[in-house]
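J.: Pulled from Swiss-Prot, these are the listed features:
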{"type": "DOMAIN", "residues": "32-128", "note": "domain 'Ig-like C2-type 1'"}
{"type": "CARBOHYD", "residues": "67", "note": "N-linked glycosylation site"}
{"type": "DOMAIN", "residues": "133-215", "note": "domain 'Ig-like C2-type 2'"}
{"type": "CARBOHYD", "residues": "149", "note": "N-linked glycosylation site"}
{"type": "MOD_RES", "residues": "181", "note": "phosphotyrosine"}
{"type": "DOMAIN", "residues": "219-307", "note": "domain 'Ig-like C2-type 3'"}
{"type": "CARBOHYD", "residues": "269", "note": "N-linked glycosylation site"}
{"type": "CARBOHYD", "residues": "280", "note": "N-linked glycosylation site"}
{"type": "CARBOHYD", "residues": "288", "note": "N-linked glycosylation site"}
{"type": "CARBOHYD", "residues": "301", "note": "N-linked glycosylation site"}
């Protein structure tokens, strides 16, 4: 609070008595009983209006307000040049100090002194300005390699001092220990994502900010698979992979690299998969195919043979002709046996 500089003179005896009693006669921190309830401490949120209550005993008594040793008001005279301060005048006895848009610089002790015909009476109020939490510094988004040690930083101000907590935003999100720093040792790909810092002190809503962590890792091929391949028709092989940065895919048949548009081959590459399609399968297309996935951290591959379909039908282990012959033989033997038993029965 900006107060008028020293140099103002006392123009009447009661003001001199007030100043002398406040600055000389009363020990620091001493309070005198009032006929009204005294307020020892007041909590006000930053930006709000604080009203420090003080009352005169009668219309003849005079009052004064001080902040530490600086005079704010003496009677109806304002000594402070701060436009935010004023005296409340709800009634003749009301001599409350009003401070608009309070700030942390308004923190501290305030003294109201009432000068009567006998002795001055004083009341002290300690004003505490509470400040909502505010995160003023947090780690930037980062990209690091898997296995690296990481420290995330989140700094905040507020009064009371805010409690800082961290949370990993993921399907298996779990809170970490409170603190300005979050240490992650040997970070894994599963620990990539957004980390949320929250600063809270119950004065207002928590202040929340996020850090995005990208974890690079070498590619892996999770699956390589083909569908039914029939000569004269289309066939495809699908290669599923993962890696950060996203891997680049290549295809080989044996030792020969394949390219899109070569001999009826179509290659479609995506961030996590590659699809090789043969538009018109011939005998030359059968063989061993290899999918290669690579990024700046490494290379991996997986192979799959592309074979022609089997000519044997389900449940049949021989030719149709052989099966027909066996069936005919079985019928012939059955007929011979039946005739033999019938002849024996007639003879008996």
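A Cβ is built for glycine as well, from the same backbone N, Cα and C atoms used for every other residue.
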J.: Minimum Cβ neighbour count within 10 Å among the glycosylation sites 288, 301: which residue?
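T.: Among the glycosylation sites 288, 301, the sparsest Cβ neighbourhood within 10 Å belongs to 288.
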J.: Using C-alpha atoms only, work out the spacing between residue 67 (N-linked glycosylation site) and residue 181 (phosphotyrosine) and round it to an integer in Å.
T.: 39
J.: In the domain 'Ig-like C2-type 1' (32-128), how many residues does DSSP call helix, how many strand, and how many coil?
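T.: The breakdown for the domain 'Ig-like C2-type 1' (32-128) reads 3 helix, 47 strand, 47 coil.
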J.: Using only C-alpha positions, which one of 149, 181, 269 is spatially nearest residue 280 (N-linked glycosylation site)? These are the recorded positions in the record.
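T.: Among 149, 181, 269, 269.
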J.: Quick check for the class: what is the C-alpha distance, in angstrom and rounded, between residue 149 (N-linked glycosylation site) and residue 288 (N-linked glycosylation site)?
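T.: On Cα coordinates alone, these residues lie 42 Å apart.
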J.: How long is the line from the C-alpha of residue 301 (N-linked glycosylation site) to the C-alpha of residue 288 (N-linked glycosylation site), rounded to the nearest angstrom?
T.: 13
J.: What residues, ordered by sequence, lie under 8 A Cβ-to-Cβ from residue 269 (N-linked glycosylation site) and sit at least six positions away in the same chain?
T.: 248, 249
J.: Give the distance between the Cα atoms of residue 288 (N-linked glycosylation site) and residue 181 (phosphotyrosine), rounded to the nearest whole Å.
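T.: About 52 Å separate the Cα atoms of these two residues.
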J.: Within the domain 'Ig-like C2-type 3' (219-307), what mean pLDDT does the predicted structure show?
T.: 93
